[in-house]
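What TrEMBL says about this protein:
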DOMAIN    388-440  domain 'Kazal-like'
TRANSMEM  6-30  transmembrane segment
TRANSMEM  42-63  transmembrane segment
TRANSMEM  106-132  transmembrane segment
TRANSMEM  153-177  transmembrane segment
TRANSMEM  197-221  transmembrane segment
TRANSMEM  271-293  transmembrane segment
TRANSMEM  313-333  transmembrane segment
TRANSMEM  345-365  transmembrane segment
TRANSMEM  470-491  transmembrane segment
TRANSMEM  512-533  transmembrane segment
TRANSMEM  562-584  transmembrane segment
């Protein structure tokens, strides 16, 4: 999509984060009115809106003209070789609008689609959680609650990575297969760097599925059978101590008292702890979800298409199993040790500490690509910084344009920007591909590196691949363990969030929680990662002096940048967990005993759904005296 619509990585991050921005502006009204309305209908209408949003994202494919790839006529020759002719005609006039600008109509259309996605998804992740919690039996022990949320968390974790898996397959299909004669497409397959896959098929499939699933959801009753029986048991566990009659306010749907009810929830330091944990986890998760192909391409030194495969297949499999294992592990530990809020905070601390220790796995790298003129000079000297030097004496009279069409010498692993910049004058095409020979710049490079042995001096189309061996498996194993540790905090965090607010305020509490996660986590997460990744770019694609998308990244700088962001997020999460543990004070519900703390804001009532045995609660109260 970046190659097709000419988006910056920052713009891609904005598109990814816009979904969360839409949720941010709708979550409070949806939670406030949806809490007393027909939750099934709210969720069903949301599914229709998500279907509409996916359909809007498909429209740019049909509104834009078919994708035109650079047909290797890089200097007005037939196959991009050096022909020593200066007959180029500037065609900058058609690029004056700057398709990578923020007024790009396709960029704005994606923002509209993401807005509809966000509005439609809000009932699902806010009202849907409360709807599930209200209609399933919930006992005092965290075992069943953890089990229920574990199933919900596993399903919501598997969905996106399955989407990535299917999306990776769709990228192997040519983007305009439905509009052009494929026999006239001269691209061999998705291994060609100019290839653009059918990115729009995923949106089309999502639109159809969301539209179909909306109908059965709309048929759900306001309350499922035996819901009242379950709620009677749940209510007996909660005795809310609040500054306002939140139940009456919520039931009346009075927006006048909504700020006061929200403030009452935010004065609970334990609830705020779950917000802090969620914010910094969502920054990392959203950033990696948006840019994992680029990250894998740089760290593992693979090709862009292989990175998409690795990201959508191997990495998706890793995330599926790691996320599921982490979520189930968190629930199992709560069950095994019968953890209460304090115990779950300790568990979260340990999991984040393990993830922090494993974070330096991003420094494990495969040998980086050698791009001649970008990170390696024609005289075999390393180029430091982001200043490329594509021009040299060996291609001075070739009059090459900066059209990206890399060629590779498989014997040495050197990749040239194009056959023209490699100074090649001859070419041959057979069933195995297109090859160039008599390349002056390759001969010059080898003259400076005489120790290099090779059998064939021909260059072939495409990237050179670097063999990584066991190093990539070490990286993926450590990444797997890090994901397990990170996702193991999911159930404890959700249980704490649901326990420390009154039953009547659960939907509002979920809305407050998601608002802060979107505002301070998911939204800046994608943009932050996009900006960080752009700082590691060493070669940009440019049109008439305007920067478009990044072609080559400095893998070393990118690894350190990503690791630094991840470490900061983990350290803040650990600090927040410690503060949450220190400020947490349990509430003795069965004896109508409230625990208050005093700080600079005055008395603070902590409402906790504490389900300890009565004798333990009495003992803890006596000890406090």
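The backbone N, Cα and C atoms fix where each Cβ goes, and this holds for glycine too.
Counted over residue pairs 6 or more apart, the CB atoms of the transmembrane segment (6-30) and the transmembrane segment (562-584) come under 8 Å in fewer than three pairs, which marks the two as apart. Scored by C-beta pairs under 8 angstroms, the transmembrane segment (345-365) has its highest count with 562-584, from the stretches 42-63, 106-132, 271-293, 512-533, 562-584. The transmembrane segment (512-533) and the transmembrane segment (562-584) are in contact, since at least 3 Cβ pairs between them lie under 8 Å (pairs 6 or more apart in sequence). When the stretches 42-63, 106-132, 197-221, 271-293, 470-491 are ranked by Cβ pairs under 8 Å to the transmembrane segment (313-333), first place goes to 470-491. Using a cut-off of 8 Å between Cβ atoms, the transmembrane segment (562-584) and the transmembrane segment (271-293) share at least three residue pairs, counting only pairs 6 or more apart in sequence. Counting Cβ pairs under 8 Å to the transmembrane segment (271-293), the top-ranked stretch among 42-63, 106-132, 197-221, 470-491 is 470-491. Secondary structure of the domain 'Kazal-like' (388-440) per DSSP (helix as H, G, I; strand as E, B; remaining residues coil): 4 helix, 20 strand, 29 coil.
Here the domain 'Kazal-like' (388-440) returns a mean pLDDT of 86 for the predicted model.
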